[in-house]
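*Asks:* Okay, here's the structure, questions in a sec.
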């Protein structure tokens, strides 16, 4: 599929609007799962680490399946994938209202809802990058705020719904709201080129190779028969004299019938001997082999390799606060009279602000988006180390706001990835990176929960989380420190499919 030059406007702003609401509707409940987490703890009586798997799977499984999600979007397009995923998210939420135990929630809420969110996230990011180039950072920042606004609203909404209709009624209503994703997905018009190859050329390209083999064989048979026919006729004319013309006519009829029979026999033989499944498997194997070769080439880029380590460690340490901060406040014995606003709502609204500001900064030519991303990682690690010292609602609210703002670096991560590997390889590279992000999302909250079950306090858990984020930030900083001019010179000597990060002055 060939795409036109990104219009940087027009219908692209409609894409931004519907992508915003898509992420708002699909990620609102999974990101605000901390409210449901407390209810599940009381309803099923399981440990914190075991119960945390529900929310971590919902936010991590979609990212773990990012390579599959990328293939789906590349194969079927953003619109069909978005519509199909809307049914998944809505169905998973409604099924969760009938959960008899925590294991049922692992499937209905964790896997079904999580996979639907992953498909929707990949679809919205991919189609937005196709529609925007100059203002890509702003566009990605706008659509990514949808999930943050969803976190802010759904945290309060789910709490009110639980008080009015109970946990089961809350999940049913939230699932019904998710059906609006179908309307958003229907507006994701693909950006395709109007100039396509001629139909004749396309048909020729799709003809199986074995046909051309048969065509060459058939031509050879016809040439051989022509030679035999000519030799036979000449011999008859020399020996028979005047009767050669009559004999030649008869021989032509006989040889023509032989020719037809030979071709029919050969065609049947070729068809019988051709194993279509084997040829198809061989071609698919070549495609998979090419995919893995391109993946290996991507990992030869030191910045890309450092990105996957950084995103893994960041999600292991940086994601648990959004899921467990409410329980942290309850464990600190904070009075409900001092509880002015849910901490998750504060994280959500500040994440929205962070995504917008960081997305706008990424569009400035003088800003190096890689260094900007590294800065957010290092500051997040410091904020996580400070959580064990927060013993009041005010300090926890301030740290929640800081962490929420820094978590807004998700808006510039696709931007950094695009500048690292190029728009042509964005879907491939982003799928790989999101796989490791999903792994971190899935492991982070259960690890923190297990630390609590083991020590009966969150201090050790958040020290571990802060260390992970700081380590990832320092590794990415080390990969970014060498002179970029020398790096660019070396990259020009690499194979054509090798990609390297461009300096901020060229971004």
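Note: Cβ is positioned from N, Cα and C throughout, glycine not excepted.
Got these off TrEMBL a minute ago, pasting:
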TRANSMEM  12-40  transmembrane segment
TRANSMEM  52-73  transmembrane segment
TRANSMEM  80-98  transmembrane segment
TRANSMEM  104-125  transmembrane segment
TRANSMEM  137-157  transmembrane segment
TRANSMEM  169-188  transmembrane segment
TRANSMEM  303-319  transmembrane segment
TRANSMEM  339-358  transmembrane segment
TRANSMEM  370-390  transmembrane segment
TRANSMEM  396-417  transmembrane segment
TRANSMEM  429-452  transmembrane segment
TRANSMEM  464-484  transmembrane segment
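Each of the listed features needs to be described in terms of its position in the shown structure.
*Replies:* Same-chain neighbours of the transmembrane segment (12-40): 6, 46, 51-52, 54-55, 58-59, 82, 85-86, 89, 93, 102, 105, 113-114, 116-117, 120-121, 123-124, 127-128, 131-132, 139, 142-151, 153-155, 157-159, 162, 167, 170-171, 174, 177-178, 180-181, 184-185, 187-189, 322-327, 330, 342, 344, 348, counting only residues six or more beyond its ends whose CB sits under 8 Å from a CB of the stretch.
With a threshold of 8 Å between CB atoms, the same-chain residues lying at least 6 positions outside the transmembrane segment (52-73) that come near it are 30-31, 33-34, 36-37, 40, 81, 102, 105-106, 109-111, 113-119, 121-123, 126, 315, 319, 323-324, 427-428, 430-435, 437-446, 448-449.
Counting only same-chain residues 6+ beyond the ends of the transmembrane segment (80-98), those with a CB under 8 A from a CB of the stretch are 22, 25-26, 29, 69, 72-73, 104-105, 108-109, 111-113, 115-117, 119-120, 122-124, 167-172, 174-176, 178-182, 184-186, 188.
The list of residues near the transmembrane segment (137-157) in space but at least 6 beyond its ends in sequence, with Cβ under 8 angstroms from a Cβ of it, reads 12, 16, 19-29, 31-32, 34-35, 124-125, 128-129, 131, 174, 322, 342, 344-345, 347-349, 351-352, 354-356, 358-363, 369, 404, 408, 410-412, 414-415.
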*Asks:* Give me the stretch from 104-125, 169-188, 339-358, 370-390, 396-417 with the greatest number of Cβ pairs under 8 Å to the transmembrane segment (303-319).
*Replies:* 370-390
*Asks:* Can you see whether the transmembrane segment (370-390) and the transmembrane segment (464-484) are touching - at least 3 CB pairs under 8 angstroms, only pairs 6 or more apart in sequence?
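*Replies:* They are in contact.
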*Asks:* Under 8 Å between C-beta atoms and at least six residues away from its ends: which parts of the chain pack against the transmembrane segment (104-125)?
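*Replies:* For the transmembrane segment (104-125), the far contacts come to 19, 22-23, 26-27, 29-30, 40, 53-66, 69-70, 72-73, 78, 81-82, 84-89, 91-93, 95-96, 98, 140, 143, 181, 185, 188, 414, 427, 430-431, 434, 438.
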*Asks:* Sort out the residues at least 6 away from either end of the transmembrane segment (339-358), same chain, that have Cβ-Cβ distances under 8 Å to it, and list them.
*Replies:* 31-32, 34-35, 141-142, 144-145, 147-153, 155-156, 159, 321-322, 325-326, 328-329, 372, 376, 393, 396-397, 400-412
